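All remarks here apply to the structure that follows.
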Amino acid sequence: MKKYWFNSMLSNKKLEQKCGLSKSMDGLDALGHTSGSEETIRKDADKKIPSWDSYSFSNIHYLNSLFDRRNLWSLISDHTFLVRNSNGDTYSVYFDIENQIFDIDNASSFLSELPSYLKSGSNNSNYYYSYYSMYDTQSNWNNHINSCIDSYLRFEISLNSDIYSDIDSYISSFICTESTSSIENCTESTSSIENGNSSIKTSSSYFNRIEKSNDFDLNTKYKQLWVQCENCYGLNYKKFFSSKMNICEYCGYHLKMSSSDRIELFIDPGTWEPMDEDMVSIDPIEFHSIDPIEFHSEEEPYIDRISFYQTKTGLTEAVQTGVGQLNSIPIAIGVMDFQFMGGSMGSVVGEKITRLIEYATNRSLPVIIVCASGGARMQEGALSLMQMAKISSASYDYQSNKKLFFVSILTSPTTGGVTASFGMLGDIIIAEPNAYIAFAGKRVIEQTLKKTVPDGLQVAEYLFHKGLFDPIVPRNPLKGVLNELFQLHGFLPLNQD
């Protein structure tokens, strides 16, 4: 068992700063300075020091402890120390960290070793540091020893208080800016150990909720570079995302594609000829003009919304129609775009699809319609519902009378009036993996029937086993599958003899 003398001393400012220690020493003398403090210890040496069980802590004692950092690792084993408190009382402290043993006893047996220790003590304060704490329980002593070891380790790897302060201030400035008003519940947890004028504080900030803001948005700078997967939340590099057909490189999830990207996927380069591009909606029922006093809608007018999405997507409506070639096979194709008002079907969408089918009927072309829609457009009322019957009528003539080939491709989401009409009228109905396909959405069903809809009930894989459509085809082989289907039904490439 080794014996150590704990005396109070002043460490240099650099070391105090690195360890985050208080500079107040309560007027105690430094190690090796025997004018007063050594005499006080010797005078108080004869005082009776009770054991831990009988020692009274009603009067708070602040123990000024020193460790030689060269010998700090030896504290792991059992040792006995001579300790002097702020009142000048001396007593021996025995503790064993491994066995969690702690005891205080009379210090008289150590006094004979005091002069030799003071003479041999080092005058270099760089090897020492001072730690001030208030202890009133035995468990606090154990915490104190552990904190001393932790402080030593932080000092050894140069993680000083300046670095912590810089990191904290950087994080705070990065997340909690003065101009950001969208951060809520930003609380700071501060733990402190105080003794009079000195204290040690450790602060850490917890952010329970961070909302998006125009002044502060983590994605503002880099949102043009990455696309986040809806399934695994992985980041896909946007530059190569289109070449991968908007399929997540981590989990293989099929993300939404724009109508232009789908046309590029299906149609041979240089063969695309759009139809009815100049056809736009004109708010046929004047949706926001009825009873303006009683109608308290916070939404912008329908015409303004149309203009907004036209600017955002570069499209005139929620569907692109036209003719082109798929592996040199002439086809008529209509592709819905969910980015334009959720792909909702209004009078213009219905008219463009109807004209496409009629054109294919007259030219005996196969038809592909790619569905991505939330259903009928409510801003056009009954006119949007009429499109279901109009498209179905044109499809009947195309399929039943002319015996031509219609392929419907269901992507995520395909719901409402599109599902109830031409979406399910194809001779071959193809679905994409994990596509959300339904007539009424989950929320509508639960609110109407007051029943819980299980997760996955309206996903393509589940519906496939119920016979709702034909194959589930990923995007990679989809063009080849369509090519084989067309040739199987007698539609051959133009350049084939």
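Any Cβ shown, glycine's included, is placed from N, Cα and C.
The model shown is predicted, which means the values in this text are computed figures rather than measured ones.
C248 (Zn(2+) binding site) falls outside any helix or strand according to DSSP and counts as coil. Its Cβ taken as reference, C248 (Zn(2+) binding site) is surrounded by 21 other Cβ atoms within 10 Å in the chains shown. For C229, C232, C248, C251, the entry in Swiss-Prot reads Zn(2+) binding site, with the evidence type sequence analysis.
As annotated by Swiss-Prot, domain 'CoA carboxyltransferase N-terminal' applies to 225-497.
When Cβ-Cβ distances below 8 Å are used as the criterion, the zinc finger (229-251) is approached by residues 257, 261, 265, 434, 474-476 of the same chain, each at least six residues removed from its ends. The zinc finger annotation in Swiss-Prot covers 229-251, and the record cites sequence analysis as its basis.
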(message) To see if you understand the setup: which same-chain residues, six or more apart in sequence, place their Cβ under 8 Å from that of C229 (Zn(2+) binding site)?
(response) L235, N236, C248, Y250, C251, Y253, L255
(request) List the same-chain residues at least 6 positions away in sequence whose Cβ sits under 8 Å from the Cβ of C232 (Zn(2+) binding site), in sequence order, or say none. (result) C248, Y250, C251, Y253
(request) Taking the recorded Zn(2+) site as C229, C232, C248, C251, identify the other residues of that chain whose CB atom sits within 8 Å of the mean position of the site's CB atoms, giving them in sequence order. (result) E230, N231, Y233, G234, N236, E249, Y250, G252, Y253
